[in-house]
Amino acid sequence: MYRRVIKPALFRLDAEDAHHLTVNALALMSRLPGWPAAARRLSAPADSRLMQTLWGHTYASPVGLAAGLDKNGVAVPAFSALGFGFVEVGTVTPQPQPGNDRPRLFRLPPDEALINRMGFNNAGAAALRGQLSRLGRRTVPVWVNIGKNKLTEEAAQDYVACVQELYDVADAFVVNVSSPNTPGLRALQASAELEALLRAVLNETEAQRLRTARRAPPVLVKLAPDLHPADFEASVQGALNAGVQGLIVSNTTLSRDGLTHAHREQAGGLSGRPLTGRSTALVQDAYRLTRGAVPVVGVGGIFSADDAYAKIRAGASLVEVYSSLIYEGPGLPARIHRGLGQLLERDGISHVRDAVGADA
């Protein structure tokens, strides 16, 4: 139904208008009594081979929702009901900001890709805190992707402010230093700058742990796919030196190699199918560089169970999707979940953790 009816209708709309319509509809469904439970019956059945415990939380599926789709955390119950094993909200900044001028989101259907230059549009950390506080009992871990406001000169203070505001509603923090749409942000990936920033964030999580006596959420960092190999290695090492607890590989790319659609010249970060191979190779690099010391989360061009499995075998403990959800529809997480179980069975692997890094 999605491909035949809903997708053609949505693709007649401006990409951002369709985005808002979809998220608002899911937010409404999240508030309907009984709807999430009913939708959950349509998702893939639980599979103990895919269940993992990471950072003290249970992940019933390794397939999560990447940041950017539900920036303000308004539809977490709906995304959980669709079968995602975790949901990453944001990117959130301390203060609300409108982001860049529209149009700023573009579909490239022949390339199964998106280009965005959103610019961290969001309602701010206080609003997100209120939204997540109202969730009640959660069925999946909720990660919070944090960034800096566009006009902030001292970046660390914004990341620390997000931790202070959201500490008790986040199951994990993701430090976003790799969006190409905030001036100067990617410079924070340089080894020394990244290590200093992550130390500031980790110091704040420790301070909050002591203040609240609540277990500190893990801190992960999200890296870009456009770094030179030596710079990527230095960034990974800087993150490890700081004590980060996970890596997300990778964010959107500035590359336009192989694109055919007219929108290929639009400024912004490219996501979707063109990143499949590149991001998988970077997951493998990250796994080798860390020697499996911290979990790696693979994201970029995952359209099927085969794509997800390739990233897992390259070294990803978890994977995330976003652009493919736009093209494949709400049944995608359940299809990937079922397919991963079949692939493990095919390869005679008893649990997904035993597949992590098998090809690294």
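Glycine is treated like the rest: Cβ placed from N, Cα and C.
Checking the candidates N176, N203 against Swiss-Prot: the one annotated together with A67, G68, L69, D70, K71, T91, N145, K222, S250, G272, G301, Y322, S323 at the FMN site is N176. You'll find the Cα of G272 (FMN binding site) roughly 11 Å from the Cα of N251 (substrate binding site). Y322 (FMN binding site) sits 16 Å from N176 (substrate binding site), counting Cα to Cα. DSSP assigns A67 (FMN binding site) to coil in the three-state reduction, outside any helix or strand. Other Cβ atoms within 10 Å of the Cβ of N176 (substrate binding site) number 27 in total over all chains.
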